[in-house]
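According to TrEMBL, the protein has these features:
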type	residues	note
DOMAIN	A:1-107	domain 'Thioredoxin'
SITE	A:25	site 'Deprotonates C-terminal active site Cys'
DISULFID	A:31-A:34	disulfide bond
ACT_SITE	A:31	active site, nucleophile
SITE	A:32	site 'Contributes to redox potential value'
SITE	A:33	site 'Contributes to redox potential value'
ACT_SITE	A:34	active site, nucleophile
């Protein structure tokens with residue numbers, strides 16, 4: 001199952017109001033590394049569905065949110081807890097490296 | 001066990017896979033989990049690959065090479081090699097998920113990794129204005145001022161690409177002339193948005209939470225200056241990715257894998273190397289592809305020279321280590 005899309009319009013409801021940690025994958029169609037990391041994120045989401053939700057947002061179609069969070073490099077993955085960014089991971093990484101970066105949210 | 005494993009999935013790896021698959025070697029390609037397709041996955045238009053007079057997008061070219069390799073029977077695994085054991089007649093490849101694959105011959109084509117400036121703040125601000133991929137990150141610098149560091153084709157290509165978004169692109173080069181091809185130089189020099197800063201070295205990256213500027217030192221008179229800008233793209237070349245084979249394969253003084261003359265034969269029997277990892281000079285998609293061809297033909301020749309029965313035995317045995325162990 002691939003990660004659900006959120007938008008500028010739904011970001012507050014879906015992400016900021018989430019009651020469990022939620023990771024947002026900022027991506028774009030033309031970004032090769034984003035396409036590479038996307039199936040890895042899906043896998044992590046599937047394996048840790050009870051701990052961490054993962055959604056994605058297309059920065060081209062949702063510039064407001066991308067600008068608000070100062071995105072200058074994608075893929076950028078930000079974990080939100082109670083509406084605040086608590087972790088940022090930048091760049092496509094292999095699954096073990098991403099799991100290590102996200103360890104505190106997956107345990 | 002297999003006859004042939006290919007590590008790497010750039011033009012060298014996939015071309016080797018096409019040739020090896022057509023020779024019925026049923027190669028297994030370890031493509032990497034996030035960098036499959038290699039460096040061309042991060043480029044836009046490729047205008048100098050023969051056969052595409054109108055150019056082709058880098059990722060499209062790599063997908064076509066992959067499809068061509070698969071069509072002839074190459075098998076592709078999207079994982080990273082964590083360990084290679086190259087001594088002995090059987091080569092062992094351990095992947096990120098713990099799987100172990102074995103083969104009689106191996107082609108190493110891992111390409112090269114971007115070089116860093118080596119400044120403290122470069123790492124800290126990486127992803128916050130410091131980037132190695134203009135095609136990935138350029139769009140976030142609309143109407144901004146950015147700098148590109150470097151003097152080769154890739155630096156000029158990045159600078160030219162960034163003019164689509166940025167208002168101004170400063171090309172910082174530590175010498176007074178460029179290494180880049182004449183065509184790229186002409187295009188960049190005719191671009192009103194590109195400014196050339198000659199004989200300058202980037203000596204610091206400024207900014208708290210994101211890039212706000214860079215510090216420059218003049219390589220001729222040593223004078224220092226600062227430049228306010230929002231983005232820094234680093235394109236100062238690349239180094240061969242050899243960490244998996246240190247201590248197992250001989251390297252050259254330039255850090256590339258040593259190969260015998262114009263062949264792809266490394267210092268280890270049954271191990272062949274191709275592409276940027278053996279090439280300190282040309283580093284083009286088409287030279288890598290040619291090098292991959294040589295590696296596939298060398299591997300094919302090596303496998304054909306093995307004593308009768310070795311390949312049949314290898315193909316008859318299972319893929320996993322414990323099965324090999326049990327049969328030994």
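Glycine too: its Cβ is placed from the backbone N, Cα and C atoms.
Looking only at the recorded positions A:31, A:32, A:33, A:34, the one with its C-alpha closest to residue A:25 (site 'Deprotonates C-terminal active site Cys') is A:34. Using a 10 Å Cβ-Cβ cutoff, residue A:33 (site 'Contributes to redox potential value') registers 21 neighbours. In sequence order, the recorded positions near chain B, meaning those of A:25, A:31, A:33 whose CB lies under 8 Å from a CB of that chain, are A:31, A:33. In the three-state DSSP scheme, residue A:31 (disulfide bond) falls into the coil class.
For the recorded site, residue A:25 (site 'Deprotonates C-terminal active site Cys'), the DSSP three-state label reads strand. Every protein chain considered, the tally of other Cβ atoms within 10 Å of the Cβ of residue A:25 (site 'Deprotonates C-terminal active site Cys') stands at 24.
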